[in-house]
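I am attaching a structure below and will ask some questions about it afterwards.
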Amino acid sequence: MGQTATTPLSLTLDHWKDVERTAHNQSVEVRKRRWVTFCSAEWPTFNVGWPRDGTFNPDIITQVKIKVFSPGPHGHPDQVPYIVTWEALAVDPPPWVKPFVHPKPPLLLPPSAPSLPPEPPLSTPPQSSLYPALTSPLNTKPRPQVLPDSGGPLIDLLTEDPPPYRDPGPPSPDGKGDSGEVAPTEGAPDSSPMVSRLRGRREPPVADSTTSQAFPLRLGGNGQFQYWPFSSSDLYNWKNNNPSFSEDPGKLTALIESVLLTHQPTWDDCQQLLGTLLTGEEKQRVLLEARKAVRGEDGRPTQLPNDINDAFPLERPDWDYNTQRGRNHLVHYRQLLLAGLQNAGRSPTNLAKVKGITQGPNESPSAFLERLKEAYRRYTPYDPEDPGQETNVSMSFIWQSAPDIGRKLERLEDLKNKTLGDLVREAEKIFNKRETPEEREERVRRETEEKEERRRAEDERREKERDRRRHREMSKLLATVVSGQRQDRQGGERRRPQLDHDQCAYCKEKGHWARDCPKKPRGPRGPRPQASLLTLDDQGGQGQEPPPEPRITLKVGGQPVTFLVDTGAQHSVLTQNPGPLSDKSAWVQGATGGKRYRWTTDRRVHLATGKVTHSFLHVPDCPYPLLGRDLLTKLKAQIHFEGSGAQVVGPMGQPLQVLTLNIEDEYRLHETSKGPDVPLGSTWLSDFPQAWAETGGMGLAVRQAPLIIPLRAASTPVSIKQYPMSREARLGIKPHIQRLLDQGILVPCQSPWNTPLLPVKKPGTNDYRPVQDLREVNKRVEDIHPTVPNPYNLLSGLPPSHQWYTVLDLKDAFFCLRLHPTSQSLFAFEWRDPEMGISGQLTWTRLPQGFKNSPTLFDEALHRDLADFRIQHPDLILLQYVDDLLLAATSELDCQQGTRALLQTLGDLGYRASAKKAQICQKQVKYLGYLLKEGQRWLTEARKETVMGQPTPKTPRQLREFLGTAGFCRLWIPGFAEMAAPLYPLTKTGTLFKWGPDQQKAYQEIKQALLTAPALGLPDLTKPFELFVDEKQGYAKGVLTQKLGPWRRPVAYLSKKLDPVAAGWPPCLRMVAAIAVLTKDAGKLTMGQPLVILAPHAVEALVKQPPDRWLSNARMTHYQALLLDTDRVQFGPIVTLNPATLLPLPEEGLQHDCLDILAEAHGTRPDLTDQPLPDADHTWYTDGSSFLQEGQRKAGAAVTTETEVIWAKALPAGTSAQRAELIALTQALKMAEGKKLNVYTDSRYAFATAHIHGEIYRRRGLLTSEGKEIKNKEEILALLKALFLPKRLSIIHCPGHQKGNRAEARGNRMADQAAREVATRETPETSTLLIENSAPYTREHFHYTVTDIKDLTKLGATYDNAQKCWVYQGKPVMPDQFTFELLDFLHQLTHLSFSKTKALLERSYSPYYMLNRDRTLKDITETCKACAQVNASKSAVKQGTRVRGHRPGTHWEIDFTEVKPGLYGYKYLLVFVDTFSGWVEAFPTKKETAKVVTKKLLEEIFPRFGMPQVLGTDNGPAFVSKVSQTVADLLGVDWKLHCAYRPQSSGQVERMNRTIKETLTKLTLATGSRDWVLLLPLALYRARNTPGPHGLTPYEILYGAPPPLVNFPDPDMAKVTHNPSLQAHLQALYLVQHEVWRPLAAAYQEQLDRPVVPHPFRVGDTVWVRRHQTKNLEPRWKGPYTVLLTTPTALKVDGIAAWIHAAHVKAADTKIEPPSESTWRVQRSQNPLKIRLTRGTS
């Protein structure tokens, strides 16, 4: 009845907007014409059943998709977007497609397979080894009606499926479910689980509905198995939430076993599961082990390929799962696969891995036993459940338990009869009875107090014993003295009273003698006492009485020794064993005779004048050490005898080191000095002597093999000579070289490699240390990946619970690793020491410092050596940063025990720690520049003082140093990036360093923030983190916190500047970028732990649905991957942050919808639309064309209607198509000012710029993501400005190059044709100078300013009302602005000079008269920057005044000139010219060096002419060297260096060089000799006797008379000649001096008194500087620069250190302004060589 049939193709064309929307959702684009072509003509040829009218059958669509996606030449890549869109319409149909979509039936197995009868219901499902039996539902549904009720419609296209109907299911016995309701009229078998879920949302749940499970293979309602594949989410979760097979095969095997039991996968599903969860190598290993497990008919593993392939096929089998046999095959396959997983998961036997399983500090014994059993299963072939292995498992359980549990288990009675369960129960008891941390801390405190009490009691006992012993010794001493005094008073030699003949000498009784005295003790006779009672045993110096006055205590070899000052002793004497003795000996003559004694080796002695090395006589028999005349001389001692005794003072009259102490305190002098951080009196040094560098010597890592350093491919040896080294530096590093040679770290060698050795002076001292320059070696050695920990996040592994620390710094760490002999030659260097007999090369046998791979190699070696320590002490935290170790424990006792174990381990391994830098068992330590205390890290005061002590930066380098030092502390400064924003631009190269108020404010704010820096908590990886983020003006700020009770403790303050692209976004999107940036930075500290993000914006919704207009696909993907990782990143509620602390405020802020705000901020003009306006005044079409024609790119732009051209213009050659499109669209908008306009463009670029990108560009400052300016910047700005000119505007995009008769197609073709025609239009040869009559250079667009009208009135022009313009000489007058734009454009094309451009303009015809043409053209040519940099310029500098001496010999000019060919090695001529007289001295030389200059100056000039006052030279190396300048300073000579590349500055000597060379050339031609050295005296004679500017020769000026030219052979003639006497000759010289020298000096001085200003440049002017050495296509001038200082002939400019002659600069702006009223003020600076100039108004 007139109705047309609806087909899928026609349906899609009628709803084409929805089709395009669907395509956009698939990220593709489709065209209607190609859509029809592919559907009706292309796809039917694929022979897959595609109808010409299209179809929504998913099977047919899939077949077409396979054809389209076929790889190689048979594929159709151009059809991919269209078939993808077809598929999307069929899979997710819109309402108008649903009636035509075929219902997707469940996947059934082949119908030929017999279906299984339904199994009877069972109360308990039968057991199976792999999966439970499948049962049919207990109650089946009734057979539904085929036709609906007669009262209803035949079919509801919106709710029902179209015919054909699905087959009905089996009838239910009663037709009702449990609820008694009639089953629904759904006749098909059970639908797919997904349909069931969707239906469940729309329909109420049925009480008796059977639960559907999404298993790959399940039994359907019709008795047939249905297939449902794995979902991608399941595979993703299994993959990411389980360890890899190589890491933990047991866990992954259990997972796969559970999947096989519950999901009943098919063969294909098993392959998909293995491919997802296993790597390729793991999968092959599992399949191989599974095939090995196939058994034959005899029940043993078979090797028959047929049986193996039947049971476990590698290719897809043809099993029918609807048959019992097919299911049995599948069951067998799963069993074999599970066996393969179990066999492949067994690792090779490794008992060390089992031994490495130890019980954790808080791990229960049961959990530890499970881990131990799992290790047995994984790393051994033994089954831990086997009773035969119970003994081994039990012993491992005991030995590897926690130390306290293991010790108690070992002491159990009847241990051998205990079972493993008994041991676990005992261990649980011990574990549960452990003391709590509080109890442990109390016990440790109590033990410490008891220990301290015992120590105090022992000290008191020792003190009492020492006092008692002292009183006893003093009593004996006093008794001896009194007895001696009594005997002296009695006189004589009587020793004792006379005895009777029968009197005992012992008891004084009579009747027996002394030998029979009963009172005399019996026993062996003791040694006879010494005669001197005042001399105590002084071996070792313990308890020795100090020598009598005068005495001095000096340090000898690091130990204090008290000497008796003995001026009679020629040599100083030591009495104690000083160590090794030398082979020298000396004969010592004393009062009782002579004896030979040996000398000691050199000992370092600390004197008042410094350290000296001295050799002593070792005389053990001497009562006291003697300070002889040898050391007294070095000490420069002075001895004064006064009433109180002799006084020994130093050279300055100050007392020397004199020490007076009691005898009982003398032992303190001999104690070994300890580092300041090691507790005084501790036993750490004595208990672990091998662990300290002070007691153990140089270390050697005994477990590390010698290192081999691999070279890069094709590397050759490099040999660099040793730099010159001063004597002081050589003597400073000599002891270090000697020490390393003695220790074997340096050895002599001969190597083709050689690098220089640099002596580096230690700051604040006069000591030197050797540093080798290994940069060239580093370039030739292979790079290795650096594995040194990052100090930024190293402390993240330190939990806050560990608050007792020990810090050790390994000394000479790199020297602990040996170098292989084949690699030792790489690090050779030169060293000469005649005293040691060394003259050649030395090299390192250990890993040297300065080698680029040394930190990484040592860090890895120490990590390997300390691995066992970490395993044995799991409750301790050991952090290592190269050679800095930090040990942390929870209690002081654990820290002490751990420190002892660590020191013992380091000593055994061969490493040495520095005792001076050790911090042992403290609650507050310094590590890596941080202060660790109470689980927090602080900035050290030294770090703060370093930043606070820096002065205000004056240069970019100083500012970079400040920012680098302060940037280390940025974690403590909230908003550091925003705070330092004004400072960073000044650090860029080429930027003028201008320190203003903003920079000073930022500088002070950073310092103030450091003073108030808070304490940051150490990251606790067991707790989640919270990140509070804020953003302000393109700067991201945040604080990372963790919960500490009810408070949030800051962990780090983060801040960063957003990139230019993100900084131009709206605030909500900037917050997304800020969160992404700070989340990445926070990940370095959180180490992958959960992170909760809190911000003032609803960021999660923006990330999930980002606006595509602002974000690129790459950036969107990056943000989503980073922020939508729900396992690691979560978003908290919206909070309002405090700008000072970045923490949330208690009150809630104003809420907003970010998506709404972004929707409002997407465009430039709010009413701009892309739909045609119904009441538009104009409908125009724009197009731009750019194409190549005859090798030249031509371009044009046009604005048209459907039938006529509105505007068309040819654009300059090389214009791109995008730029042409922008110009055309902009022109259309300008012409439609104040009107309603519909404008069509086929340019996506122009359309997107107007609608979307223009606003984005404006916000980001017209910069790209790299911070560079975007292309077509001027055109984009013009377009954005022109958007607001029309009253109403609609910019519509239309496809380009359309065919058809629609209005859009006709208009687009018209615009395209017009643009191409105007671009290809032929123009005359002078087209570049002709002006087109088209807009905008038409009379209608002329706008005359007030100034133009005044100039036209003066010119005599008239105003033409008809033409509405001014007319002069019969031509319309072009306004001044138009003239400037035209001439500037012409100059940019040609860059011709003023005169040539003017000549071309006068020769060519122009329809307009250009107002002020010559003046404008001159201004343009003179201000062109490119011309100023390239064009040559004549010097306008007038001749200056030369400074000359006031008498001969005071002012000389010196220069070297090269004379070729050089005979006998003489190639240079050193020329001296006296500026006063012009006298010349020239000396042939072989080298052009400073040594030659100083030699001739001191040996030739000074003896003959006296010491010069001024020397003038150029900037040659021989004159600017340190040697020449030092000699000049010592002699008091003012050495002036002339301007570079300005030979006129040394004009007098340069002219003399030319004169001498010309004369030598003439003499060589005349004589035929090439020996110019022989002819040089004749050339000098000519130069000295040539008249100068004043008519006098240099000889006459110097000597007052002409030289004698003729000798008269006739004696009579000689008598006639004038022969004045000596007196007369002297009078003549005096007259010459008055008549010649004074007038000459006055003439020179007059020139200086009235100097002519040779150049007009002033301080503050801007000038260009000549580039003397230009490269290819490089400008001739550089700059511009600002003038800082001036002299009459030279300038000093900002950015160039050397003075520049005025002839080498030109003004950047030739208009020299008149002098202003400003004045300059000179201020003194801290640097005596610098001044500060400031300008102020007068």
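These residue numbers are counts, starting from 1, taken along the chain as shown.
Every residue gets a Cβ built from N, Cα and C, even glycine.
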According to Swiss-Prot, D883, D884 bind Mg(2+) 1; which of D773, D783, D809 is also listed for that site?
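As annotated by Swiss-Prot, D883, D884 share the Mg(2+) 1 site with D809, chosen from D773, D783, D809.
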Which of the binding-site residues D1183, D1242, D1312 has its Cα nearest to the Cα of D809 (Mg(2+) 1 binding site)?
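Of the binding-site residues D1183, D1242, D1312, D1242 has its Cα closest to that of D809 (Mg(2+) 1 binding site).
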What's the CA to CA span in angstrom from D1514 (Mg(2+) 3 binding site) over to D883 (Mg(2+) 1 binding site)?
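If we compare the Cα positions of D1514 (Mg(2+) 3 binding site) and D883 (Mg(2+) 1 binding site), the gap is 53 Å.
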Take the C-alpha atoms of E1221 (Mg(2+) 2 binding site) and D883 (Mg(2+) 1 binding site) and report the distance between them in angstrom, rounded.
65
At a C-beta cut-off of under 8 Å, are there same-chain residues at least 6 beyond the region 'Interaction with host UBE2I' (430-435) that contact it? List them, or none.
364-365, 402, 404-405, 408-409, 443
Count the Cβ atoms, other than its own, that fall within 10 Å of the Cβ of D1455 (Mg(2+) 3 binding site), considering every protein chain shown.
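23, counting other Cβ atoms within 10 Å of D1455 (Mg(2+) 3 binding site).
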So, by DSSP, how many helix, strand and coil residues make up the region 'Interaction with host UBE2I' (430-435)?
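Per-class counts: 3 helix, 0 strand, 3 coil.
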Tell me the Cα distance separating D884 (Mg(2+) 1 binding site) from D1312 (Mg(2+) 2 binding site), rounded to the nearest angstrom.
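A Cα-Cα distance of 73 Å.
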Please report the Cα separation of D1242 (Mg(2+) 2 binding site) and D884 (Mg(2+) 1 binding site) in Å, rounded to an integer.
67
Cβ within 8 Å of the Mg(2+) 2 site's Cβ centroid: which residues qualify beyond D1183, E1221, D1242, D1312?
Y1181, T1182, G1184, S1185, A1224, T1241, S1243, G1296, N1308, A1311, A1315
Let me know the DSSP-derived helix, strand or coil state of D1183 (Mg(2+) 2 binding site), please.
strand
D884, D1183: which of these binding-site residues has the highest Cβ count within 10 Å of its own Cβ?
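Max Cβ neighbours within 10 Å, all protein chains included: D1183.
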D883 (Mg(2+) 1 binding site) to D1183 (Mg(2+) 2 binding site): how many Å between their Cα atoms?
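Per the Cα atoms, D883 (Mg(2+) 1 binding site) and D1183 (Mg(2+) 2 binding site) stand 70 Å apart.
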Reported in the order helix, strand, coil, what are the DSSP residue counts of the region 'Interaction with host PIAS4' (345-393)?
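Tallied per class, the region 'Interaction with host PIAS4' (345-393) gives 27 helix, 0 strand, 22 coil.
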If you count other Cβ atoms within 10 Å of each one's Cβ, which of the binding-site residues D809, D1312 has the most?
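Comparing the binding-site residues D809, D1312, the most crowded Cβ belongs to D1312.
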